[in-house]
């Protein structure tokens, strides 16, 4: 028995496997129903509404339903997705023993139940009515089950009988009723029949057989899944086997062996076995054909009560006093081994087969004999476990077949390679531990039971015995070369040479299962239970990979081309095909419906065996693995070829390329501007970084994030010595001090003088003085000091620089203010000022042309796709063919006011954006002109740009390049989702919504999306016989056709949102809360697709977003108040939270009035007084129409101040600032919780990555840019 999962709990009385998922439901004696994931070993859910033990449980085959029956006489049907009980079926008068859905519950919505009230009942759970009461037993009915395919039911009772019931009549009756459209009279008749059925039973279900033969009460009976057989288990310690025909049923045999009451029995779903368990603390397995016990499993201290079998998998479960176990009777891994020439040997049943992978043909080799009593029964672990092929013998075929039965044995099968099926030599046999291995052409090694390595020849004669280097050897594995063997010892693998008895290598590998050598023998993959270790020929570890689930199998890639042979290892787990590279890189290739066992991998084909030992070939995509391998082996030409031709994308690839130091490759995949900006900085690509910076600046609208981006770009450009980009970055961030110093060191004195003028316009005293100091303008410095009120300093500076006229004027000013200049110059002289001091002047620049780069940034082949030649065959090494490109060509002649005719690239952007004219018009006050217009990239798009001169060189006319359609321009010119949807680019539009506001469920946005697409074009009828002409509607064509800069007209406007908000207000005021919620919800779905024209509209739209959130939360609170009913604590809390929603004054008045009344009614006087004060402070309370309410509020305040106590402890503190958890409707205080990226609704951490309940389409807890308005 192979235990797959074991739980600890109260006594388990009922078990049921989920038909598809790896779940098992256990009903316990303490009244709890547990839902387990037996693969992971965790409890998924618990259901606790039964009073007393729950004895029966079952899953619906297709719907998310669960049925249970317990000692409280109730049958409950649960929805495990909703995690609640849907309804309860009442009718039984005593304990309910078992419940079961009909095997074809989609067509027959029936539930079968058995009870201690001596009856069985059939229920229609769709109508929630009882269909039939089956009477006939005269003692407790212990179990009842449906036949898997026929109209039969079997029941077992303590009256010592087993009854088989025929339900064909009920089925025909129910099918007839389903076809009728019953009226009132029909319903009355049905009600009278149900009353009669309660008293006397019905004849819709009749007894077909009564099986008598047990001497004591029968506890269980079950059908065979395909044959006309029955099995029953009773308190007489016997399991009986019965056979049925059309007319009668009779006892076939009695299976004896249990020492106490037999609790349960069932047929194995795949083999001719019966499994039973008993209160004697044992599980027994019986051979149906031989009618003898073949296996017994005992458990000390726990009695067994229930058994369950999976409908499609080889899994069983048993419940006992302290929990349950999920187990198999045998391993399902087929014994197989690969051989040369695309051959595979494997065992199916008792036959050894050769499978030709190239022709997909099976050839039977030999029938394998099984030794021992246990080995004669299929399904209990008697099949061979290991196959080993002799790769050292090219003249004939040798296969070692080993099994674990009876302590372990082997059989040597020898055959001719040319005629495998007709020349099999009778197998030589012997005992061994674990698999055997071939050491050479005519010898093999096994591990005997004294744990010695025994060397034998092909005649099965012992030639040598070798003591292993460690005494704890558990098995032998292939050593990869002649004379070598790999020893498995505890958590170690030891490479041992038998002839010289030397240990060649050793590494740690826990729970080793098998090894796979690469085709060239240079590497070995050691498969462990939960990981893979890859080592070289000398067993030196190259990498280690761990996994959360068990490793099933693995195979090396043997593709003849592509460079992946012996470098790519593909392995399988329970539900995935994964890969591993010797460098340690791993990844997932595809998912699997059922486990498979890999035998060979060639290109994009994986040859494998399933659990039925059937050869299969599945398609795999190893592009990602080959891409990583090409990077690791520095085959850059192949990398570039794959970048061009393959669909490599995703965050995982980008993160991998960054971690491996290839950001220039990742730059080709990424379109998201922030990530692209980071990658461009990492690889030193200033041009790409600058383009991303412009995009980010447009998205963030000049926020601190945009300033940070330009600051980082300036730092990288300064590191490379590109002072033109540095200048533009400082201008964008308005870093005037650094900009002045840059102009100083670059010799741009003209621009430094303009910085002085700008500081004058900005009234920046320190900036003026600083720039005057850098320019050496003493008169300006004196002027600055004088205007700032520092007259003594101004006088000293004027005297020091010989400005006598200025000094006299300043002296008069000082004396006018009752001051004196006497002694000022003496103080300067007393400070020890050097007599050799002179006026500071800006340095003369050494060179005035272009940039002066200090760091050369070469464009690698990986960065420049166009310069990368493809590799021939994908195998040759590729090296950079072109010399380093150097820095960017930013050839500006000087930094004056000349045009940018000679400037290209980023310098053109800098020159176009910042024209320092003499009139200072572009700078204005506070650098207003810095952001005028968009930067003009390279050359402007023009319709005639593709036409060359007629008569040039060849004299031929060259057709102009095709223009771009309007829809193509729309998606390129905008980052707003509405523009992309209008262009028909639904994929990019949805991606933008996901990235900007984390939208995940687009079903609510679908109507608005469709209207965006339909509203962006108009259809104009053409001439007869021609199709209509589709005309794009543009929103920026008022002053002329915008050309390539066009943007679409969108149907949704801010005015539509305002109308929706007003409707919501009107419904809210009138108490129509559902209509109000719908109106506000509609506005929420429209806001992401509205393009605003200016900042005022954008601010207004964001305000409306906040309004919708607050009112929807308020409406949900109002509904929760109604549900709270008479619960004084919850009602008062919800009313209090209601008043903290940001509502209009007139609506807040209503909320405070209701909250005051609720708190006063439930005697929570402290909060009632608080609400009364807030109500009286509202401006609307001063009007005459609220005079009566004002009087009531005053009385409530007086009474509350007299009582001054709260009757209940409330989760409400008005002194603290808090938000409302929109899911649980409880307070979330400052700096706690997470929020929706779009509507900013607050939640606790448990809601992370779930859909927001307020807006209904965005994920919670994801940091994004937020709403983009235009």
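Just so you know, glycine gets a Cβ as well, placed from its N, Cα and C.
Any TrEMBL annotation is an automated prediction that lacks curation.
Copied from TrEMBL, the annotated features are:
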- 47-88: repeat 'WD' (REPEAT)
- 89-133: repeat 'WD' (REPEAT)
- 134-166: repeat 'WD' (REPEAT)
- 211-252: repeat 'WD' (REPEAT)
- 255-296: repeat 'WD' (REPEAT)
- 374-610: domain 'COPA/B second beta-propeller' (DOMAIN)
- 653-799: domain 'COPA/B TPR' (DOMAIN)
- 888-1268: domain 'Coatomer alpha subunit C-terminal' (DOMAIN)
Verify whether three or more Cβ pairs under 8 angstroms connect the repeat 'WD' (211-252) with the repeat 'WD' (134-166), leaving out any pair fewer than 6 apart in sequence.
yes
Surrounding residues of the repeat 'WD' (89-133) on its own chain - C-beta under 8 Å, 6+ positions past either end:
14, 53, 55-63, 65, 67-71, 73-77, 139-149, 153, 155, 157, 165, 167, 170-171, 174, 194, 197-198, 201-202, 204-205
For the repeat 'WD' (47-88), could you work out the same-chain residues 6 or more beyond its ends whose Cβ comes under 8 Å from its Cβ atoms?
13-19, 23, 25-33, 35, 94-101, 103, 105-106, 111, 113-115, 123, 125, 128
Close approaches to the repeat 'WD' (211-252) from elsewhere in its chain (Cβ under 8 angstroms; 6 or more beyond its ends):
139-140, 142-143, 145, 147-148, 152, 154-164, 258-267, 269, 274, 276, 278, 280, 284, 286, 288, 291
Residue numbers, six or more beyond the limits of the repeat 'WD' (255-296), whose CB comes under 8 Å of its CB atoms:
1, 219-220, 222-225, 229, 231-235, 237-241, 302-312, 314, 316, 318, 320, 329, 373-374, 376-380
Counting by DSSP, what is the helix, strand and coil composition of the repeat 'WD' (211-252)?
0 helix, 25 strand, 17 coil
Do you know the DSSP helix, strand and coil residue counts for the repeat 'WD' (255-296)?
0 helix, 25 strand, 17 coil
PLDDT averaged over every residue in the repeat 'WD' (211-252):
93
Tally of residues which DSSP labels helix, strand or coil - the repeat 'WD' (89-133):
0 helix, 25 strand, 20 coil
